[in-house]
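> In case it helps, Swiss-Prot gives these features for our protein:
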BINDING   Arg78, Arg103, Asp130, Pro131, Met132, Leu133, Ala134, Thr135, Ala136, Asn137, Ser138, Asp199  5-phospho-alpha-D-ribose 1-diphosphate binding site
BINDING   Ile193, Gly198, Asp199, Ala200  uracil binding site
Amino acid sequence: MGVTVVSHPLVKHKLTIMRKKETSTASFRRLLKEISLLLCYEVTRNLELTTMSIETPLMPMEAPVLEGKKLVFASILRAGNGLLEGMLDLVPAARVAHIGLYRDHDTLQPIEYYFKAPEDIVNRLVIVVDPMLATANSAIAAIDKLKERGATNIRFLCLLAAPEGIERFTKAHPDVEVFTASIDECLDEKGYIVPGLGDAGDRMYGTK
């Protein structure tokens, strides 16, 4: 399906401020909400529409509305939750799934500790969210789990992606399109995206 880099000037500007090491936790969290709304606009751009009959104050008309079942936003915990607020502001009727994964700092492999998703996920568009696509191990594991539950229409949304992560992800899930605000240079020896923005979860919640 490929990779879409969202190159809107507001996205670029806000991402630059998020990258700055002196940006406060409060500002980082606010910017993450703002940029997630802009990214959500792009990832939902080609949703299918149908029409319904309505009446305006002046006359009846056939008007466009979204077709099919509501979206599912699937957050990879914990940092993925930072993207949810802005996305739910844009699509308040969306269902939400939570996938609890953390990365073993020695092996860089994901360890699952929680999974909760709507039961009728089979016929829904699922947008998986995580700020960083670094090694891609967590993203691959999350989508593996969603596919086990029957999801077939999946997209992945992140702030930053590493070329190594994109390569691994697209090999594992060639049917899942990736949307990102930036493709950075590479991964360092610890598996962090560089130049990156640090640990998104720590910066969002003020932890280390």
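Here the Cβ of each residue, glycine as well, is placed from N, Cα and C on the backbone.
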> Rounded to an integer, what is the Cα-Cα distance in Å between Met132 (5-phospho-alpha-D-ribose 1-diphosphate binding site) and Ala200 (uracil binding site)?
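About 8 Å separate the Cα atoms of these two residues.
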> Taking the recorded uracil site as Ile193, Gly198, Asp199, Ala200, identify the other residues of that chain whose CB atom sits within 8 Å of the mean position of the site's CB atoms, giving them in sequence order.
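Near the uracil site, the remaining chain residues are Pro131, Met132, Leu160, Tyr192, Gly196, Leu197, Gly201, Asp202, Arg203.
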> Can you check what DSSP calls Ile193 (uracil binding site), collapsed to helix, strand or coil?
strand
> Round to the nearest Å and give the CA-to-CA distance linking Ala200 (uracil binding site) with Arg78 (5-phospho-alpha-D-ribose 1-diphosphate binding site).
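Between the alpha carbons of Ala200 (uracil binding site) and Arg78 (5-phospho-alpha-D-ribose 1-diphosphate binding site) there are 9 Å.
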> For the binding-site residues listed here (Asp130, Asp199), which one has the lowest count of neighbouring CB atoms within 10 Å of its own CB?
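Each of the binding-site residues Asp130, Asp199 was scored; lowest Cβ tally within 10 Å is Asp199.
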> Can you see whether DSSP assigns Met132 (5-phospho-alpha-D-ribose 1-diphosphate binding site) to helix, strand or coil?
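Assignment for Met132 (5-phospho-alpha-D-ribose 1-diphosphate binding site) reads strand.
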> Rounded to the nearest angstrom, how far is the Cα of Ala134 (5-phospho-alpha-D-ribose 1-diphosphate binding site) from the Cα of Gly198 (uracil binding site)?
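If we compare the Cα positions of Gly198 (uracil binding site) and Ala134 (5-phospho-alpha-D-ribose 1-diphosphate binding site), the gap is 12 Å.
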> If you measure from the Cα of Ile193 (uracil binding site), which of the binding-site residues Arg78, Asp130, Ala134, Ala136, Ser138 is the nearest?
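Out of the listed candidates, the nearest Cα belongs to Ala134.
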> By a simple count of other Cβ atoms within 10 Å, which of Ala134, Ala136, Ile193, Ala200, the binding-site residues in the record, is least packed?
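Among the binding-site residues Ala134, Ala136, Ile193, Ala200, the lowest count of other Cβ atoms within 10 Å belongs to Ala200.
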> Taking DSSP as the reference, which of helix, strand or coil describes Asp199 (uracil binding site)?
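DSSP assigns Asp199 (uracil binding site) to coil.
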> Can you give me the Cα-Cα distance between Asp199 (uracil binding site) and Arg78 (5-phospho-alpha-D-ribose 1-diphosphate binding site) in Å, rounded to a whole number?
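Asp199 (uracil binding site) and Arg78 (5-phospho-alpha-D-ribose 1-diphosphate binding site) have their Cα atoms 11 Å apart.
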